Structures are given as C-alpha cells and as structure tokens.
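Engineer: Sharing the record's features from TrEMBL:
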DOMAIN    23-160  domain 'FAS1'
DOMAIN    182-326  domain 'FAS1'
DOMAIN    342-488  domain 'FAS1'
DOMAIN    492-641  domain 'FAS1'
SIGNAL    1-23  signal peptide
Amino acid sequence: MTSSGLRAAAALLLLCAATFAAAAELSDKLRDDSELSQSTAKSFRRLMPVRFYSQVEQNPIANATLTLRSCTIFVPTNEAFQRYKGSIHVLYHITTAAFSKEQLPKSVSSDMDGNPPLYITKNRNGDIYVNNARIIPSLSVEMTNREGKRQVMHIIDEVLQPLSVQKNAKDNINNPDAMQFLQMAEQLELNDFHLRTYRSQVTLAKKESVYQSPGAHTFLIPIDESFKLSARSGLVDAKVIDGHVIPNTVIFTAASQHDDPKTSAAFEDLLKVTVSFFKQKDGKMYVKSNTIVGDAKHREGVVLAEIVKANIPVQNGVVHLIHRPLMIIDTTVTDFLKKNFGCNSFKFLNENGENGALRKFYEVIMDNGGEVLDDITNLSEVTILAPSNDAWNASLIENLLRNRKKMREILNMHIIRDRLNVDKIRQKNANMIAQVPTVNNNTFLYFNVKGEGTDAVITVEGGGVNATIIQADVAQTNGYVHIIDRVLGVPHTTVLGKLESDPMMSDTYKMGQFSHFNDQLNNTQRRFTYFVPRDKGWQKTELDYPSAHKKLFMPDFSYHSKSILERHLAIADHVFTMKDLVQYSEQAGNVVLPTFRDSLQLRVEEEAGRYVIIWNYKKINVYRPDVECTNGIIHVIDYPLLEEKDVVVSGG
C-alpha cells in the first residue's frame with residue numbers, strides 16, 4: 001500500500017474510533033493531509049459504511065471500547081451491508097484485544113453479551129476468515145488511540161451474524177454450546193426448522209457429551225422434515241450421531257475446501273466415516289458422508305445432504321442444519337431420484353422449485369413418459385450415471401428432447417444393471433479401460449481412472465461423450481448414483497476434438513498431427529466415418545512389425561503415416577453406423593466406402609453382440625462402435641487396417 005493509502009487508512013480508522021473526536025477535527029485531519037487524494041478518501045469511505053458508524057455511535061459499550069481500550073474491529077463493506085437483511089450486532093464485530101492478521105488466534109471472544117467466540121480459519125489459498133466472512137487482505141489498518149491503546153481494523157466481506165434468538169424466547173440464551181442449542185432450538189431463529197427428532201435420538205443414545213464437548217467442532221444436524229420416513233429415526237444410533245460431528249475442526253461454508261474429506265467422530269478400526277463439503281454451480285452447499293469402512297448396521301457408500309441453514313455459531317463450534325441424516329442408506333435409486341432431488345418433496349424445497357441437484361434429469365425422465373423410471377425400479381441392482389442440472393444446458397440437447405425415441409436411447413445409456421462403485425471401477429480398470437454394458441442393446445460405457453486416492457479423476461465415455469464423475473458412490477439400497485458433468489450420447493465436439501481428448505485414441509491423434517492429416521477433421525461441412533485403431537492396436541503392430549512401427553510415428557515418414565490413416569477415413573454426405581454396415585454387408589457382401597484417395601472395401605458382421613470387421617481376410621474386433629461427434633462418427637477398432645507392404649518403408 002502507498003504512503004498516502006496508509007495515511008488514508010489511519011485517518012479513517014480514526015473516523016471509526018473517534019466518537020470521542022469532534023467532526024471538525026476529523027475534517028481538519030482529512031483536509032490537512034496533503035498526500036491524501038480525493039479518490040483515495042472516497043475509496044476508504046466506501047469501505048467504511050455510515051450504517052456501521054451509526055451503530056458504533058449509538059452503542060455506549062462500543063464507544064467506550066474504541067475510546068479507552070485496545071481492540072480489534074471487523075468492519076463489513078458497504079456491499080456486505082446491502083446484502084444483509086437482519087439486525088446488526090456491532091459488539092459481535094469487536095474483540096477487546098488487538099490482533100493483526102498474523103496474530104489472530106483460532107478463536108477470539110467478541111464483546112457481545114456472553115462473549116460468544118469468533119472463529120478464525122484459513123483456506124489453502126491463504127485467505128483468512130472470521131466465521132463466514134473473509135478478511136480483505138490489503139485493507140487492514142493498525143494504529144494507536146489517544147489513550148495509547150493499540151487498535152486494529154480488518155475489512156470483511158460479510159456482516160457477522162451471531163446465533164439469533166426469537167423475540168418471545170422465555171430463556172436468556174447467551175453463547176450456548178451445541179447441546180444447549182439442540183435443547184433450546186424452539187426459541188431460536190431457525191427459519192421454522194425443527195430439531196426434535198434428532199434431539200430425541202441424541203438423548204436416547206446418551207450422546208449429549210459429544211455436543212457438550214469443549215473446543216471447536218463442526219456439528220451437522222438433520223431437521224425434522226428429514227424423518228418423514230417412519231423407520232428412519234430408528235436408524236440414528238450412537239455411531240450415526242458420531243458421523244454428524246467433525247471434531248476439533250470448525251468449518252464455515254465460505255472457508256470450506258471443496259470435497260476435502262475430514263475425519264468424523266465415527267472413525268475407528270471397524271467403522272470409518274469421513275465428511276466433506278462441496279458447492280454446486282448454482283451456489284447451493286452440500287455435505288456428504290462417505291462410509292469408507294462399514295459394518296452390519298452401517299453400509300459403505302456416500303450419502304448427500306443439502307445444507308438448509310448454514311453457519312450457526314455456538315460456544316464450541318459451528319452448526320449446519322441439513323435436509324437429511326448422513327450415513328443412513330434407506331432409499332432405493334428410484335426414491336432418491338423421485339423424492340430427495342426430483343420432485344422437491346421437502347418443505348424447504350417446495351419453496352424454491354429450482355432446488356434439486358438432479359431435478360432436470362428427473363424431469364427429462366418423466367417428460368419422456370416415465371418408463372425409464374419404471375425400468376430402474378424393476379432392477380434389483382442398478383447404477384445410474386446421472387447428469388447434473390448444468391449438464392442439460394448444452395445447446396444440442398434442446399432439439400433432442402422432442403425426439404422421444406432418441407431420448408429413450410440416451411437415458412438408457414446412463415443405466416447399468418449392476419452395483420458399480422468406484423472400487424469396482426478401479427478393479428475393472430486395473431489393466432485396461434473398463435468396458436461396461438448398459439441397458440441399451442449393444443451399448444457400452446468406458447471408464448478411465450487417472451490418479452490415485454482423493455486426487456483421482458474418473459471419466460466415462462458413452463455415445464461419443466466424455467463425462468467426468470463429479471460426485472461418486474451416492475449409495476442406495478439397490479445400487480449407486482454417480483453424478484456426471486455431461487449428458488452421454490449427445491455429441492458436443494468434432495471428430496478432431498474427440499481424438500484429442502480421448503485417452504484411448506492418443507496414438508492415432510499423434511500420428512495425424514505430424515502428418516497434418518488431422519487438419520480436415522474439424523470441418524463441419526463434411527460427414528466422416530473414422531475407423532480409429534485404439535492405442536493397444538498400435539502396440540500390437542509394434543510386436544508384428546517392430547522397426548516399421550517406430551518409423552510410422554516419426555515425422556520423417558509422415559507420408560506413409562498419412563496414407564495409412566486415409567484408408568481408415570470414409571468421407572460422404574452421411575455417416576455409417578455399425579448397424580448400417582451390418583445391414584449393407586448382409587445385402588451386398590462387401591461394403592465400399594469412399595475415402596480421400598480411393599475406397600475402402602470391408603464387411604461387418606455381428607457376433608455375440610459384438611461387431612467384427614472383415615478386411616483383407618483379417619478379422620478385426622470393433623472395441624467401441626458408434627462414437628458420435630458433431631461432424632461424424634468414430635468406430636474404435638482393435639487393430640489398424642494395415643498391410644505388410646504398408647510397412648516396408650525406405651525413406652522419408
């Protein structure tokens with residue numbers, strides 16, 4: 001910060017603290033500081049709202065503190081005041097000790113009645129938060145008042161909100177711990193949410209001590225609405241209650257790390273449960289439990305819950321109210337789609353029809369007649385790859401929604417007749433890209449796992465679309481739901497884009513790049529049918545023709561590489577699906593497809609649900625048929641269309 005900026009900050013801290021100073025003195029200070037520019041003064045006035053000054057001036061305790069004592073004051077910006085609709089508690093923004101950003105401890109006592117704590121946390125980016133408000137780093141100011149007391153001002157981006165008590169509350173509630181919060185919930189401002197059922201289960205399980213524990217913890221409390229299923233409350237045992245507490249860690253939503261698992265109080269040898277926070281693109285905050293190691297009563301898997309009221313500070317941490325209990329797996333996949341996220345059955349969801357992480361997926365199923373949901377219901381074991389709400393915003397999808405037959409095929413592409421969690425995907429992916437059949441006839445999904453542990457990224461390809469699993473292993477009684485970021489079967493990239501992004505086709509892409517063969521594949525005025533050898537196919541040629549294989553991937557031999565690739569690419573006014581090629585082969589024997597220089601003659605047969613290409617008396621398996629692109633279609637094959645004479649190369 002410049003010297004003039006520091007003087008401006010100091011001058012305006014005086015404005016904040018100088019309820020003891022005359023207005024004329026302050027005017028003189030601003031006027032007499034020759035280096036204080038008009039624009040700088042205006043900038044700091046914008047950061048020090050008049051509304052906050054008036055609160056300080058009207059509060060005798062705040063007056064006395066700023067006049068006589070050391071203090072740290074957290075001052076919200078004008079924008080923060082404009083967003084905030086509640087009462088402002090000025091003493092909740094003041095602590096009677098001076099702390100620079102570097103000196104702030106994990107918690108400080110506020111000057112409000114009962115001295116409720118303010119919690120100081122830091123995220124991975126180094127941002128410092130007081131409760132749910134971020135300290136704006138460049139705007140902190142430190143000075144000494146007329147009594148020689150050190151004072152520090154931090155500008156924050158949110159108004160600090162303490163626990164709110166109803167006006168007609170019969171008890172004097174100051175700074176309760178989490179158990180007292182549960183016991184007095186009916187007297188608190190909780191947006192009409194009630195906590196009686198969960199409170200009863202805590203008492204029944206004799207787990208009050210967990211909520212009375214001193215320190216700084218995070219408590220996740222399900223609302224009464226989440227116990228409409230009559231048997232659910234009986235599943236809330238002592239271990240489940242432990243799974244709703246993150247010990248020795250305070251997590252406010254603004255400071256939370258996306259999908260960063262924290263150890264819950266239910267973490268021991270025979271039961272291991274983590275809890276993490278994540279935010280949807282629409283701004284909604286969710287929390288999830290992941291039972292990594294389960295037992296007879298507590299099944300492994302992920303349970304999602306939306307945070308319906310966040311960031312309620314208590315004496316020993318922070319409370320978040322959630323729309324359903326964690327750890328409990330008591331709904332089918334159909335119920336999960338229909339009740340929890342689809343039809344917005346909960347009261348708080350009814351107030352806002354835009355809620356529901358999978359709302360659009362459910363709507364598309366029902367708009368298509370609902371038969372897909374019936375099919376899911378009839379499966380004893382099922383895994384759903386459910387596109388998020390944002391995934392349905394792709395421009396090409398809107399036209400397809402009117403084509404019920406096509407949409408039925410697309411929806412079926414997202415359904416697997418098996419319980420397929422991440423561990424099972426890893427096992428299938430151990431030595432190759434996992435290939436999994438869907439309920440669509442002859443349609444497979446291809447999973448790929450990159451990385452290890454929490455850094456692993458899992459992608460799934462179906463119908464030419466590569467999607468990333470953004471939330472895995474949402475467990476249900478009869479299977480799993482994985483939330484993905486794209487709708488499978490709705491192409492969004494050209495043939496070139498698909499080659500470039502698909503890990504199975506990287507060798508073909510590289511060969512086409514240095515020979516400039518790929519240049520044409522972005523042309524949207526043509527329709528390509530490309531028989532693409534997968535990487536393992538090219539690796540087989542290395543065994544069959546070792547010296548030639550090496551040369552095919554060298555720029556000096558790009559002419560030969562290009563000639564071979566041209567044989568694999570049919571160019572016409574329409575694409576040729578595998579079903580088309582089987583039909584043509586049955587009618588005419590060999591099929592002749594137009595290529596860049598000549599033509600490609602082949603025959604395609606269907607054997608045991610798989611396609612086989614017969615070319616030059618060789619049988620070549622089709623590994624992935626009908627990968628759709630915006631300007632064509634790709635058939636991934638197990639071996640290149642390669643003749644021995646192709647690899648007798650003598651020079652560049």
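Think of each number as a place in line: the chain as shown, counted from 1.
Cβ coordinates are placed from backbone N, Cα and C, and glycine is handled just like the others.
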Engineer: From the DSSP assignment alone, can you count helix, strand and coil residues within the domain 'FAS1' (182-326)?
Structural biologist: 34 helix, 53 strand, 58 coil
Engineer: Across the domain 'FAS1' (342-488), what are the DSSP residue counts per state (helix, strand, coil)?
Structural biologist: 50 helix, 43 strand, 54 coil
Engineer: Looking only at the domain 'FAS1' (23-160), report the model's average pLDDT.
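Structural biologist: Within the domain 'FAS1' (23-160), the model's average pLDDT equals 79.
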Engineer: Which residue counts does DSSP yield for the domain 'FAS1' (492-641) in the helix, strand and coil classes, in that order?
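Structural biologist: For the domain 'FAS1' (492-641), the helix, strand and coil counts are 66 helix, 49 strand, 35 coil.
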